[in-house]
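Engineer: The annotation region 'Disordered' is assigned in TrEMBL to A:1-39. If you look up TrEMBL, you'll see A:64-86, A:158-182, A:194-221, A:233-253, A:294-320, A:340-365 marked as transmembrane segment. Here TrEMBL flags A:154-359 as domain 'ABC transmembrane type-1'.
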Amino acid sequence: MAPTDRTGSDPRVTEDETAGDHLPPSQAGMSPAAAEVGAAERGEEWAREAERQHWLKSPLATLILQRMGLSVLLLFAVSLLIFVGVEALPGDFAQTYLGQSATPQAVANIREQLGLDRPATARYLEWLGGVLQGDFGNSWASGRSISEQIARRLGNTLMLAGFAALVSIPLAVGLGMVAVLYRNRIPDRLINALSLAAISLPEFFIGYLFILVFAVNWGWVTFPSTVYDGMPFGARLEAILLPGLTLVMVVLAHMMRMTRAAILNVMSSAYIETAQLKGLDAFRIIAKHAAPNAVAPIVNVVALNLAYLVVGVVVVEVVFVYPGMGQYMVDAVTVRDMPVVQACGMIFAAVYILLNMVADIIGIVSNPRLRHPR
Amino acid sequence: MRWRSIPVSAWIGMAGLALALFCAVFAPWIAPYGERQVVGDIWMPMGGEFLLGTDNLGRDLLSRLIYGAQTTIFVALAATVLSFSLGVLLSFTAAVVRGWTDQILSRFNDLMMAIPTLIFALVVLAVLPQRLWILVLVMAVLDSTRVFRLGRAVAVDIAVMDFVEAARLRGEGHAWIIFREILPNALTPLLAEFGLRFAFAVLFLSTLSFLGLGIQPPEADWGGMVKDNKDGIIFGVPAALVPGAAIAVLAICVNLVVDWLLNRTSSLKGARGDG
């Protein structure tokens, strides 16, 4: 699958930055007064200074800080793309909003009312300032505050996605291990074929299949999955059971295939072959040799795949008429309510970038070559 | 290549693809009824006169499915071909020219990939007018970021080989190096990627149509048919599942063929395992 080949834990990156490491703090600029200080005290100070420098210059910290800085930069660029890029596209909001038969006067009025007559840069800065303070402005369609709506819906979406993540992660890792353990035998082939099929199924197909079987034919759960404020936790859990399971199906297959690949990657390295040739039994090889090295790529894969949830949740919410962010965004797109679309797009992109950053940082932290400066 | 060496799964995949393509090309001749022709009651059950029943307006579901194959497959194919041309051209240019061109193209690509495809498409389609060619263009541009990534990785590997160096010393231009030296050697991995991208395009188009932002009614397309018939689910009418299953089967068939292609190329390289 596409995102497997991402790098981010490349140890070579740090080489030029850490080349001048480990020199004690420069003594050249020391004042005569400092030289008076007792030798013991000075030594202690040096040690502390060296430790501070050491932490600052450790390639690990540098890499992580770099990666975080990159994410902030990326978020900024995305906001620019979502606001200005959309601005540059052809199509007049006011015209589409009112329809083809609108008089020029009405179009001009609505442009003024929405503030579209002001220059784009001013509007962008104002919008960005608001976003940084958690204010996304008002919806064009309803005129109400977007932040209020999002505050209510974001929790719903996070709960749904969190449920899916909680179920799918252990399942994916477990199945991935089973597939590797029985590699090229029947369980592996079965898991492989099923996950290939699951990847190919569109989210809405799985969703409606579940609804037809579980809600309509068997009557186990209710449809649509409405949740409201002050709903008891148990009832809420029951409501998100079906959409949650659909999401699990969507993410599980991707995650499992990549977990399998990550474990196989470790298993096909030379030291595992050595362990096999030494005559160690399979359990010892996996527990003592493979697992410590496989944990990092697996965690990385999991974090990366949680990003699929961002896209999956949009469709699943529409299928199950679930009041979350995805439903909000799709509704806004159909009526061309741009402030809402931009706000939702920004939030989804931010979550996606955050998850990718976490995946990369885990990849960096778990690389033992970067933990100690050379 | 011997025919016997092709696994059964690949044969199944190819048969499914051939059937879908046949339906797509000859839709007007094999469909029993017209695309928009109302022939009976709404949501008539399967079997009998109408093999798959009728849809939410009383149109024959089988006929719509066959016409839908035409729309879905050709739009997805057009988007994939376009995204490939764009992605391959830009990525090979980046890999051959290097320097600032490479930096700008690659960083912009990273930026595009930082936003999930569906979210990006939703934002863009909210602004643009609903036309078919705009839809194809949006799908192609968004998808070409993935092609760019793979294409650049493949091309960078090839661009440092001796025969490319020889061509450079001979004084060939960038265009020659891209199309005559690198492209022929990059075709195999790109072919497998083409299949994957096509399957993805079918799913993506269907998702957009399902959300009401793709192909507009009354034109039949599989994702839109799911949307049309989704209200029947509550009454136990499985009409929405039929086009959904068609999408799934098509995507599975493509994946089966691609899997075989990938295995073939990786076994050529003599890699140990498939990790």
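Placement of Cβ uses the backbone N, Cα and C atoms for every residue, glycine included.
Automatic prediction, not curation, is the source of TrEMBL annotations.
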Engineer: Out of A:64-86, A:194-221, A:233-253, A:294-320, A:340-365, which stretch has the largest tally of CB pairs under 8 angstroms to the transmembrane segment (A:158-182)?
Structural biologist: A:233-253
Engineer: Can you tell me which parts of the same chain pack against the transmembrane segment (A:233-253), counting only residues 6+ beyond its ends and a CB-CB cutoff under 8 A?
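Structural biologist: Residues 159-161, 163-165, 167-168, 171-172, 175, 194-196, 198-199, 201, 203, 206-207, 210-211, 214-215, 221-223, 225-227, 305-306, 308-309, 312-313, 316-317, 319-320, 322 contact the transmembrane segment (A:233-253) from elsewhere in the chain.
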Engineer: Any residues 6+ beyond the ends of the transmembrane segment (A:294-320) with a Cβ under 8 Å from its own?
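Structural biologist: Answer is 3-4, 6, 157, 160-161, 164-165, 169, 172-173, 176, 202-204, 207-208, 211, 223-225, 242-243, 246-247, 250-251, 254-255, 258-259, 262-263, 265-266, 326-327, 329-330, 348, 351-352, 355-356, 358-360, 362-363, 366-367.
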